[in-house]
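Comments concern the structure below.
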Amino acid sequence: MVSIRLPDGSVRQYEHPVTVAEVAASIGPGLAKAALGGKIDGELVDTSALIDHDVALAIVTEKDADGLDIIRHSTAHLLAYAVKDLYPEAQVTIGPVIDNGFYYDFAYNRPFTPEDLEKIEKRMQELAKKDEPVSRRVVSRDEAVDYFKSIGEKYKAEIIESIPATDDIKLYSHGGFTDLCRGPHVPSTGKLKVFKLMKVAGAYWRGDSKNEQLQRIYGTAWTKKEDQEAYLHMLEEAEKRDHRKLGKQLDLFHMQDESPGMVFWHPRGWTLWQQVEQYMRRRVNDAGYLEIKTPMIMDRSLWEASGHWQNYRENMFTTESEKRDYAIKPMNCPGHVQVFNHGLRSYRDLPLRYAEFGSCHRNESSGALHGLMRVRGFVQDDAHIFCTEDQFISESIAFNTLAMSVYKDFGFDNVEIKLSLRPDARAGTDETWDRAEQGLREALTACGVTWEELPGEGAFYGPKVEYHIKDALGRSWQCGTLQLDMVLPERLGAEYVAEDNSRRRPIMLHRAIVGSMERFLGILIEHHAGAMPAWLAPMQVVVMNIAESQAEYAQSLAQSLQKQGVRVEADLRNEKISYKIREHTLEKVPYLLVVGDKEREAQTVAVRARGGVDLGVMPPDTFIERLRQDVQSFN
């Protein structure tokens, strides 16, 4: 007798072992048709999985997140099947599920073209309509290696050869195609109805630039056509908002091959940067942080002591001078510990909060670079809090409150918080980790926020809180972090004199709110589609004259606004006013002031707000007051 407990708490009993598909069929024909897989005691399995002992079972359908993952994984295999069917010489490698879709890497003797993608997608649709059953078999490692070598799939054979000889290998087949996979997969290809191939990109075998270059075909797959259409529409919107395009259109920044991963900021872009930096400086100053500045280049010995040289060396830029090795800092924390160590610290000095807009450099691979979002040179709104164990909960509460307030000011109201917990390989005792994790939970609870816990995702030196902001398109970006560190203070000899005159290690909290300034500006540009709120806009106002006779008045008006702290310019060119308005509208300037003879004589201005909104004619002082209210409204 096999007893199976379902999610609603009911128990079904069977006289003999049954498959997930048979359980679904016994519940009802609708569920049998909808079943894509199952969850046996929390483990995702195929519908063909045999149940021979008492378990808890959930039937997975397209309504479940796991169901969508199964569909995407199976669609990746369908892609490989179609490619092999159309281009038998192509070799298959790997094809995982990613956010919103999947990809598959191929080795082929010529580049795939857009026409090839159309042909492949059409073939996928034909194969899906055949509704071929998907079967699984388990073989030994050596048998699997021999099979893939016999059909000329050297990459698959190489993957399997790296697996321990005692491990069983799962092979999935449908039609004339067999692939290595952990599964699970849909019961038949007919379940794959909504998908689209997106693009081809380059990739390296096993992600190593020293290996052969492959071709990566990206695709997306969904359970409903309307979901896919919504996703494709979001991509169109994202394309319009691409910070690289807007950076060029709005003359904010550029990047060039002579300095890969580094940003050339133009005047308006640097003005935007300064607004963000100055805002952040005000906030951390008000929160009791002390701003410091640490060297960009430091001796190898310091990086060895911190552990970065051993664990992060390949991502560090290094140099040599007078027979000494140096590294350009990839992060600011070791330098902050040096400031803390400079002098004897007492428990009365704590907490000490050091902030730095620290310039860091990391040797990211050129293929990973992406506009402002992934760079080699960046500035962090970095800070480190040195405190006692009794203080770290209150410091965590204060940081969370500050971070959430900052995100709101920048226009991000949807923030997801994640708590990364202890990994298997870690420093410190279980008791220490218990206190650290529970302390962060207490801090988040005190702030009245909800969070998701991620077991095993913490760093080896401590648990971490992550802040993921959602932009106008619903995309999630991790920006802020609060990382408890139980290792670096010991490695670098940080200590303070406790109340009982003993020497103790401080708790060290690494924290950032916006993270990389470059990346955050990229997110801001895309979130606001380049139309920054008035307080952030690099150019808040443009004053335009209709004819030469109003040029002097327009110029004096711009100068008056500038003296009052407004970021303004006067456009006195001998162009039609409609041309000027259109040009500055495309520049997404919040306010356009137009002056003609009537405005000059009455000492007024005609005001147009962004979006073509006519606010009418008003005295300059009235406009200034309106602008001030607009600027202050973000608070």
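Every residue, even glycine, has its Cβ placed from backbone N, Cα and C.
Quantities reported herein were computed from a predicted structural model and do not represent experimental measurements.
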Taking H233, H510, H527 as the options, which does Swiss-Prot list with C333, H384 at the Zn(2+) site? H510
H384, H510 as binding-site residues, winner by CB count within 10 A: H384
The DSSP breakdown of the domain 'TGS' (1-61) into helix, strand and coil residues is 14 helix, 25 strand, 22 coil
Looking only at DSSP and grouping its letters into three states, which state does C333 (Zn(2+) binding site) belong to? helix
